[in-house]
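Quick look at what TrEMBL annotates:
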- A:140-203: domain 'CBS' (DOMAIN)
- A:204-260: domain 'CBS' (DOMAIN)
- A:286-306: transmembrane segment (TRANSMEM)
- A:318-339: transmembrane segment (TRANSMEM)
- A:359-379: transmembrane segment (TRANSMEM)
- A:385-409: transmembrane segment (TRANSMEM)
- A:421-443: transmembrane segment (TRANSMEM)
Number of protein chains: 2
Amino acid sequence: MEFKISKELILQLEHLIDSKNDRELEILLKDMHHADIAEILDDLDFDEATYIFRLLDSEKTSEILLELEEDLRENILSRLSPKEIAEELDELDTDDAADIIGELSQEIKNEVISELLDVEHAKDIVELLRYDEDTAGGLMGKELVQVNENWSVLTCVKEMRLQAENVSRIHSIYVVDEENRLKGRLSLKDLLTTSTRTPISDVYIRKVDSVSVDTKDVEVARIMQKYDLEAIPVVDELGRLVGRITIDDIVDVIKDEADKDYQLAAGISQDVEADDSIIELTRARLPWLVLALLGGFVTVKVLGLFEGAMEEHGQLFFFTPLIAAMAGNVGVQSSAIIVQGLANNTLSGSLWNRLLKEVSLSLLNGVILAAILLVGSYFLLNVDIWIGITVTTALISVIVIASLIGTFIPITLNKFGIDPALATGPFITTSNDICGILIYFSIAKLILGF
Amino acid sequence: MEFKISKELILQLEHLIDSKNDRELEILLKDMHHADIAEILDDLDFDEATYIFRLLDSEKTSEILLELEEDLRENILSRLSPKEIAEELDELDTDDAADIIGELSQEIKNEVISELLDVEHAKDIVELLRYDEDTAGGLMGKELVQVNENWSVLTCVKEMRLQAENVSRIHSIYVVDEENRLKGRLSLKDLLTTSTRTPISDVYIRKVDSVSVDTKDVEVARIMQKYDLEAIPVVDELGRLVGRITIDDIVDVIKDEADKDYQLAAGISQDVEADDSIIELTRARLPWLVLALLGGFVTVKVLGLFEGAMEEHGQLFFFTPLIAAMAGNVGVQSSAIIVQGLANNTLSGSLWNRLLKEVSLSLLNGVILAAILLVGSYFLLNVDIWIGITVTTALISVIVIASLIGTFIPITLNKFGIDPALATGPFITTSNDICGILIYFSIAKLILGF
């Protein structure tokens with residue numbers, strides 16, 4: 001289990017491709033896991049990757065396609081004919097096949113579907129394409145094992161053996177009625193430990209968790225995590241069993257959601273990766289920087305209001321970056337804790353209690369930091385004592401206000417159905433910069449009177 | 001599947017507890033999922049939670065214990081005798097039981113273990129306690145189904161039925177030799193679709209992914225995600241099968257890791273939640289704020305170096321928060337993309353290529369932002385044209401340098417085996433504030449000559 005792609009392996013592969021040594025290549029790749037081959041293809045250049053892809057049989061290539069990074073997959077698919085793409089999809093589970101078709105252009109999509117060999121499979125895929133990507137319908141697959149509540153266990157086992165041929169992993173056996181409505185479930189373990197003569201209606205569990213086709217993917221993830229489920233059946237509006245979602249798809253949803261929040265907190269507005277193009281990365285990063293720049297304009301204006309202080313109390317201006325930085329950091333901390341609490345559903349109590357707690361917390365932090373600042377400004381920075389007192393007073397006020405803003409904004413966004421993670425990152429630092437500097441100089445004006 | 005805890009339910013429960021109406025309480029909670037009850041207990045006050053906990057039978061309470069927030073679990077456990085704790089643990093899987101014992105003090109731990117009724121279970125738990133929490137050994141459970149490669153399928157099925165009684169979910173059937181060394185696996189599906197007369201050695205798959213007891217948890221998560229595994233067997237140094245890890249434990253590892261990175265990016269150094277105490281939250285937040293404050297001291301000193309500019313070019317000081325904010329935001333963006341790339345294993349290419357790409361990217365961003373700034377400073381901010389040119393030139397330089405720092409630091413930390421996520425958040429904003437201001441005023445000095 002210690003698979004790591006070595007430079008030597010890549011060089012060896014490139015050499016074999018150059019010399020068109022297909023036999024050696026095939027031997028080298030034969031026993032490799034498709035996920036490892038996908039990782040290798042991502043590391044090779046496009047022509048090399050295509051060369052290897054064409055060498056492998058479709059049982060393997062279809063799985064590899066799934067694991068490739070999106071750019072490379074798109075590139076490889078663009079070189080395949082609709083018939084060839086359909087051959088790949090025939091090997092895949094319906095949910096994976098639907099995901100790949102979803103990435104194709106409308107025109108090619110239809111051609112590919114018409115080339116699918118297995119009609120049942122094609123029907124299932126077309127059905128899945130109807131659902132939104134971020135709903136249970138968009139996540140589910142059609143591969144499941146279901147039995148009728150009126151069957152005997154013997155019929156059941158026979159039918160299951162047939163169905164199991166098309167299902168790579170059996171999580172649960174779902175029990176339905178004549179109208180295909182979900183009635184309950186039967187665990188494989190129960191089947192293993194029950195005599196074959198028992199009637200099915202005697203053994204199945206009449207309680208089964210399910211989600212509806214239009215349940216949001218993050219909600220499905222929350223439910224499966226909370227109830228520790230490895231698979232969950234999906235029902236339509238009439239309660240009929242239409243598919244199942246497995247935990248591996250949910251792992252992706254959880255990771256994507258966490259990545260998205262992380263990127264928003266860092267001021268990156270689209271799902272990008274380090275290896276994306278400069279244009280894509282700029283599109284994700286520039287908007288937030290423009291926002292921060294415009295916020296910067298406001299801070300320039302605010303500071304301009306207090307130009308009068310420059311002659312007598314010029315040292316005040318040395319502290320603006322410190323005040324702004326503290327306001328920004330405190331605000332990000334507060335909002336991050338709220339965003340995470342909302343995401344993990346661990347936030348209890350009212351908004352007022354939350355703000356009250358945040359005030360106490362930031363007062364405690366503020367007083368400690370102010371003490372360090374007061375001592376530091378006197379001994380290390382050698383500033384005028386009155387400036388020291390001004391900055392210290394301002395620091396406490398700024399920290400309290402910044403933490404309130406950091407708490408209030410994500411909670412409010414969430415109330416209005418907006419993603420609270422938007423409030424983290426540049427948005428909160430910029431607004432806290434402005435507020436912080438305004439508060440700082442207003443207090444200075446009060447104390448020093450310029 | 002639409003379980004939401006309503007205020008009415010909580011009020012109703014509180015009322016029933018007040019009036020000690022145990023019968024009604026039992027009826028109300030009887031059909032509720034243990035995860036839902038845990039959520040309710042987290043919402044009640046401690047005495048109420050304990051009251052309900054004592055009312056339920058141990059089959060349910062043991063599962064509830066697992067789902068509770070740590071504080072409440074600790075509180076409830078502190079009110080139970082070692083014998084009572086042991087009764088709870090007897091109901092749990094070995095890995096979950098070991099996790100709970102791991103939270104107890106050394107003294108109580110030993111008493112609890114001596115009170116465990118099932119000796120085999122106790123032995124397993126004691127074994128699990130030997131492993132580090134963040135390794136495969138610390139994650140694994142002992143509940144698995146294993147068969148001997150020399151058995152016939154008939155013996156196998158009989159033995160499996162016995163073993164399956166103690167295993168709540170069967171993922172795979174592991175095949176071992178006489179020395180208990182892991183040789184391969186047998187899927188339940190194969191068993192379902194194979195005649196019972198086939199000898200076991202004919203049907204099992206002689207290839208099975210496994211991890212070693214001391215593999216790090218994040219590495220186990222990476223492997224299980226990459227190869228889409230729902231369970232993975234764990235072997236000791238001699239290749240003997242000692243346990244298995246299931247995907248639900250891995251979901252927690254993935255979530256914890258993402259949460260940790262997110263918190264580090266926000267300047268929160270410990271795993272805290274919004275509902276933790278003020279002291280815990282302060283302990284997690286204050287260190288980063290002190291770091292930022294000390295960084296602020298340095299910016300004050302740096303600005304002091306350029307005091308001479310104040311008389312003639314005082315407007316320069318209006319732009320320090322803007323420059324600092326841009327440096328901070330760019331730095332955080334760059335480092336976040338690197339941290340995420342490292343975490344997801346999608347970073348390819350050398351450090352030099354990476355830095356080169358970042359320079360191009362930040363030059364592109366920098367020029368666009370500088371153009372906005374130049375126009376804005378002339379028309380909106382009405383500053384002297386030379387100050388405008390100075391600030392604009394500085395902005396481009398600062399953005400490029402900040403992005404290089406943001407790229408270089410996490411990659412370097414990672415090379416030395418330090419968590420690169422440490423580089424995000426206050427650390428990068430503070431160092432970029434200092435560098436940014438230094439660069440800005442140095443350029444100003446060059447252009448304006450004060």
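Each residue, glycine too, has its Cβ placed from N, Cα and C.
With a cut-off of 8 Å between Cβ atoms, the residues of this chain six or more beyond the transmembrane segment (A:385-409) that come close are 313, 315-316, 319, 322-323, 326-328, 330-335, 338, 351, 354-355, 358-359, 361-363, 365-367, 369-370, 373-374, 377-378, 420, 423, 427-428, 431-432, 435-436, 439-440, 443-444, 447-448.
Helix, strand and coil counts under DSSP for the domain 'CBS' (A:140-203) come to 22 helix, 17 strand, 25 coil. Under 8 Å from some Cβ of the transmembrane segment (A:318-339) lie the Cβ atoms of residues 261, 265, 299, 303, 347, 354, 358, 362, 365, 369, 383, 387, 391, 394-395, 398-399, 401-407, 409-411, 420-421, 423-425, 428-429, 431-433, 435-437, 440, all in the same chain and six or more residues away from its ends. The list of residues near the transmembrane segment (A:359-379) in space but at least 6 beyond its ends in sequence, with Cβ under 8 angstroms from a Cβ of it, reads 326, 330, 334, 385, 387-389, 391-393, 395-396, 399-400, 402-404. When Cβ-Cβ distances below 8 Å are used as the criterion, the transmembrane segment (A:286-306) is approached by residues 267-269, 316-317, 320, 324, 425-427, 429-431, 433-434, 437-438, 441, 444-445, 450 of the same chain, each at least six residues removed from its ends. DSSP assignment over the domain 'CBS' (A:204-260) gives 24 helix, 16 strand, 17 coil.
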